[in-house]
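A.B. asks: There's a structure below that I have some questions on.
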Amino acid sequence: MSLVAGIDSSTQSCKVIVVDPATGAIVASGRASHPEGTEVAPAAWWEALQEAAGQVDLGDVVAAAVAGQQHGMVLLDADGEVIRDALLWNDTRSAQAAVDLIADFGGGDAGAGAAWWAEAVGSVPVASYTVTKLRWVADHEPANAARIAAVVLPHDWLTWKLLGTGRIEDLVTDRSDASGTGYFDPVSGDYRRDILAAALRIDEAAAGRIVLPRVAAPGEVVGSGTLAGQSVQLGAGMGDNAGSALGMGLTAGDVVVSIGTSGVVCGVSDTPSRDASGLVSGFADATGRFLPLVCTLNGARVLDATARLLGVDHSALSDLALAAAPGADGLVFVPYMEGERTPNLPDATASIHGATLTSMTRENLARAAVEGIVCSLVDALGCLTDAGGQAGRVLLTGGAAASPAVQAASATLFPVPVAMPAAGEYVALGAARQAAWAASGEKEAPVWALPVEELPVAEHATEVVAAYRAVRPWS
Ligand SMILES: Nc1ncnc2c1ncn2[C@@H]1O[C@H](COP(=O)(O)OP(=O)(O)O)[C@@H](O)[C@H]1O
Ligand SMILES: O=C(CO)[C@@H](O)[C@H](O)COP(=O)(O)O
């Protein structure tokens, strides 16, 4: 039987799954960790991919695709060598570059600049986007900037490594990941060389000579490559959030809430999003549609830190949280531990409110951390719907979705029903689905069932969200 492989090269790890293309059933999986930090040598992703792929039998695999963490800036010189470590989506050093780029295109006026960006590329820059990282390199590392021959994203670079030609002219990407760069218009499907030029402070002729990966069509075979010794056909790959949307076969009205390193709320749409407030990113999906998305910097790692502090594992942290009453006896945790992206508060820190001699218990702290993350994503869902997004149901996914306490808090805090897709790696599954699509040569992706469990509809704990909103540092 012919099989396909899906790869999820995300912030903390690389996962490889082997899938039956007829049903979408996962027959094998492997995983390897990525290094800590917001600045990473791309070679570490390649090593992790080899390690994870080495854990599974690829003998019958005929096609593969890579989904990757979005926005990371990978700079290549004319020989295809990496110029400096990649700056990841959660590296906030380019926050001022974002402010400057907005002002530059608004004649010095931030509001006009934001409107210009939303119209030009669907999103208003924040530190996460590749374009701001390029400006940062131009301003702080001119010698590196002068060597740039190609700019790619993590998934583009891995796909190119799998293709194995070593020629930067063979770099390829897809519309979903290109739409997170800040210099690609997801509506026209064209790169904006004028924006690239402005970001790097070079003229447009020079920007025109920089190789940007060719934007392949959804379902296209971009070439043949080698995955851990196995010859495979390669799909174009995608950004990881477009991957989970494709893996779940997302339809209008269903909203993915992912609690991985990032917190993400997104849905598919036939129409582009152009939110000049900057809260909603107007990305593309991996099928030819759009993927309006709200992303926070503080997802599962807030629970990692809380569990570490309390000296417990995730299972015990969940037990502690469930032992406390909803609202944690007034303890409120605003989880902006890594600064925040939505809202754009790159220098923010986390804060704990309502601590008294009685409320400051281990149970309440665990509960407040869980509720803080979920409330930040309730805010994110509000951003999406305020901008016109539909939300009939939440599909909860990402590493922290395995926590019973997170599931319980989600069921009571989101204002719409919450469902749990059956345990699975949906980003990698989306990549596998694209690989199956490419290998089939069909016009549409194969249809795979999505088993879900609806979480019991509990009474909505609006007072918990209200208590959170009363103390978060914005309104
Ligand atoms: N049962 C759990 N409860 C809470 N957090 C968890 C649990 N299992 C894993 N995590 C956390 O989820 C994160 C990994 O999720 P994942 O979606 O794979 O992240 P990413 O895609 O960003 O690498 C880690 O921070 C991990 O500690
Ligand atoms: O920046 C974004 C989306 O805009 C993040 O969602 C990254 O794509 C990283 O994803 P995870 O590793 O947290 O899944």
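Please read every residue number as a count from 1 along the shown chain.
Cβ atoms are placed via backbone N, Cα and C, with glycine included.
Source: prediction; values computed, not measured.
Pulled from TrEMBL, these are the listed features:
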DOMAIN    4-225  domain 'Carbohydrate kinase FGGY N-terminal'
SITE      ASP8  site 'Important for activity'
BINDING   GLN70, HIS71  substrate binding site
ACT_SITE  ASP240  active site, proton acceptor
DOMAIN    256-439  domain 'Carbohydrate kinase FGGY C-terminal'
A.B. asks: What recorded positions in the list GLN70, HIS71, ASP240 lie within 10 angstroms of ASP8 (site 'Important for activity'), counting C-alpha atoms?
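C.D. replies: Checking each Cα against ASP8 (site 'Important for activity'), the hits are ASP240.
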A.B. asks: Far apart in sequence but close in space: which same-chain residues, 6 or more away, have a Cβ under 8 Å from GLN70 (substrate binding site)?
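C.D. replies: Within the chain, GLN70 (substrate binding site) has Cβ neighbours under 8 Å at TRP89, SER128, LEU153, ASP177, GLY180, GLY239, ASP240, ASN241.
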A.B. asks: Restricting to the chain of HIS71 (substrate binding site) and a gap of 6 or more, list residues whose Cβ falls under 8 Å of its Cβ, or answer none.
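C.D. replies: Expected: LEU88, TRP89, SER128, TYR129, THR130, LYS133, LEU153, GLY180, THR181.
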A.B. asks: Out of ASP8, HIS71, ASP240, which recorded positions have CB atoms lying under 6 Å from ligand 2?
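C.D. replies: Near ligand 2, sequence order: HIS71, ASP240.
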A.B. asks: For ASP240 (active site, proton acceptor), just count the other CB atoms lying within 10 A of its CB, please.
C.D. replies: 31
A.B. asks: With every protein chain in view, how many other Cβ atoms are within 10 Å of the Cβ of ASP8 (site 'Important for activity')?
C.D. replies: 29
